């Protein structure tokens with residue numbers, strides 16, 4: 001591994017607040033808010049920051065603004081220019097100044113007094129929920145329908161018995177579903193959590209300006225929906241605790257029924273949690289559960305009608321990879337349906353970003369190694385609490401994005417020209433199999449005709465809800481602060497995999513920090529860089545080896561090479577991936593374009609077409625689309641790739657060729673028909689642009705040169721390594737398909753593929769050991785299903801895979817492998 005990548009000079013003055021109290025080692029006794037940043041001029045600048053002033057003199061970026069394109073009215077709502085300057089606050093730092101009392105006794109009882117003064121009472125929460133849900137027309141119809149199915153030809157008396165039986169079943173379901181919030185339990189839990197959080201977290205930081213926006217939203221007398229990313233089981237308690245501390249009523253939390261365990265389930269119910277099935281629609285026999293769906297719909301409608309707040313985890317389950325997973329919009333669809341029926345005037349949506357230095361679960365190595373997930377139990381919860389009390393988990397940062405109007409979003413989408421989304425098969429097959437008949441291209445073009453805006457149209461409704469879910473998750477992910485462990489893990493895996501001196505690691509940490517801030521992401525730490533790096537190394541524990549070198553009396557830091565340790569480091573490294581993912585996609589696409597050019601022996605090997613690079617990158621975005629939300633749904637991959645190439649030009653990594661150089665391009669290069677190998681929708685053109693836009697049809701394609709400077713080349717290499725594990729997993733899965741003999745049940749195939757990847761890692765064939773995580777195995781197989789490599793059928797509720805007719809020929813499977821390998825930098 002080239003140890004000069006991201007070379008970035010000497011050290012240090014970190015992104016410091018004026019108050020020295022906020023260094024990592026002293027944040028237990030930190031002041032309530034972080035001040036403005038003091039600075040000295042940095043001795044060095046990074047590869048991409050040469051084009052702008054050092055960030056040492058600028059304020060923290062304010063994250064979480066809503067989308068101006070989709071919700072322009074919400075953009076100015078709740079926000080004012082003073083909001084960003086309100087600074088951060090450590091929620092678990094409580095003393096007498098946070099109460100109405102002063103003196104020695106107040107200092108001793110500050111936690112009790114603080115909890116007692118919080119505004120929480122029974123009248124805040126929903127009443128008569130079970131009765132109102134059972135009496136709703138939709139539930140009554142569902143009960144009658146299910147009863148009729150149970151007794152299709154019975155007498156009136158038998159029908160009445162069937163109805164009563166179904167009603168009893170409905171009441172039993174609602175007992176599990178409906179929460180009975182207890183203000184006393186919220187207060188008690190608040191006090192316990194204040195004690196516990198102070199024992200195993202350094203701090204829990206929130207932005208006071210963001211909380212001001214949330215408070216302003218609560219005064220609108222509308223229901224609020226909090227939609228956080230899901231990293232840990234602590235997420236359930238964290239939001240309720242923060243809102244309680246700020247006198248905002250607790251939300252009703254949608255929890256998976258895997259947490260419905262004795263004693264613990266009672267606590268969750270008392271705090272506002274309600275349990276739902278993992279799959280909303282299915283009964284044990286695989287049929288649609290009309291009754292359950294009606295009860296869930298009625299429950300959500302009743303809570304929203306009573307202006308209650310909800311907390312929904314769109315990812316459905318905790319992320320095992322450290323990345324924000326793709327959205328599961330089942331429960332969100334119920335919220336949208338409620339608003340569409342005009343039951344309530346509006347709903348305010350609040351995405352929430354949550355970042356941990358270290359999650360309390362520590363890692364998910366067991367599941368990533370293919371072991372079955374252990375069911376939660378009271379004993380496992382107790383063991384988890386005991387384990388937590390013996391460790392420190394560093395810092396936590398919670399960011400509340402700007403609330404936006406769901407009604408405004410839905411109305412704006414209904415008025416926009418909306419094209420049917422391009423499937424992965426339509427987007428990628430023409431690039432993978434260019435000699436194949438272009439029916440997929442024609443299909444994609446036909447689908448671009450504007451469809452009916454009738455909200456009753458099912459396909460439009462599904463697309464609308466899916467886009468909304470992606471919008472929310474992208475904003476929540478963009479709001480997540482980057483933690484010290486994320487940066488250190490990333491540097492050790494993709495910058496210094498062979499190890500590095502501590503002083504150099506600190507220098508690169510400092511620069512990575514500036515790179516993150518330059519891209520308008522916030523940091524979840526502050527203090528001297530050396531202290532912060534040591535803090536992160538301590539938290540990463542056995543994943544890192546520290547040795548003392550007598551050569552220069554330095555500490556040498558090396559990432560552990562064992563598979564579980566690499567998996568764990570990759571989990572934390574993925575916390576910073578979304579900051580650089582678009583640039584990493586451009587870097588890998590740049591390699592693919594240059595690699596193709598090199599094999600063909602073009603006359604001007606130093607020049608590449610900007611349009612070709614953008615389209616290549618857009619296709620890679622499609623390939624990686626199962627790895628999470630890459631962009632806002634109101635943007636296209638073509639658009640964001642074009643913008644990212646523009647940033648590369650700003651950085652100086654790419655330069656626009658002089659006119660004389662462009663005129664010397666050989667006809668073979670200028671007339672390449674690569675554009676005919678991709679569907680037209682990949683060539684994005686906005687309907688809102690002027691004729692003079694840079695994207696105008698008259699614009700001539702320009703040609704670019706790649707900077708040959710050492711630091712630019714090293715930065716490109718670093719970006720390419722970030723996607724290395726993903727691309728290696730996908731290419732290895734493509735190799736494994738060569739010996740496919742089906743049909744095969746999907747669970748069995750996943751197990752075999754995962755075993756193959758683990759064997760590659762154990763035999764040290766794999767470049768990146770983290771390419772063998774079970775998450776990447778599942779995503780690779782899903783991608784193959786989406787592009788039409790596999791046909792999927794259901795047999796006894798089990799998904800069965802077999803090769804599609806397109807990929808039965810071995811040559812087409814080879815082309816799939818070659819296409820993926822074109823992006824892989826060896």
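These residue numbers are counts, starting from 1, taken along the chain as shown.
Here the Cβ of each residue, glycine as well, is placed from N, Cα and C on the backbone.
Looking up the ranges 80-120, 121-161 in Swiss-Prot, the one annotated as region 'Important for mitochondrial localization' turns out to be 80-120. Feature annotation (Swiss-Prot): of 224-229, 230-235, 236-241, the stretch labelled motif 'HXXXXD motif' is 230-235. In the three-state DSSP assignment, the secondary structure recorded for residue 288 (CoA binding site) is strand. Residues near residue 778 (N6-acetyllysine) in space but far in sequence (CB under 8 A, at least 6 apart, same chain), listed by position: 750.
A Cα-Cα distance of 27 Å separates residue 782 (N6-acetyllysine) from residue 293 (CoA binding site). Taking every protein chain shown into account, 278, 288, 782 are the recorded positions, and of these the Cβ with the most other Cβ atoms within 10 Å belongs to 782. Mean pLDDT across the region 'Important for mitochondrial localization' (80-120) comes to 90 in this model. Residues of the region 'Important for mitochondrial localization' (80-120) grouped by DSSP class, helix first, strand second and coil last, total 19 helix, 3 strand, 19 coil. The Cβ neighbour count for residue 462 (CoA binding site), using a 10 Å radius over every protein chain in view, is 12. A helical conformation is recorded for residue 462 (CoA binding site) in the three-state DSSP classification. Here the Cβ of residue 328 (CoA binding site) has 16 other Cβ atoms within 10 Å, regardless of which shown protein chain they belong to.
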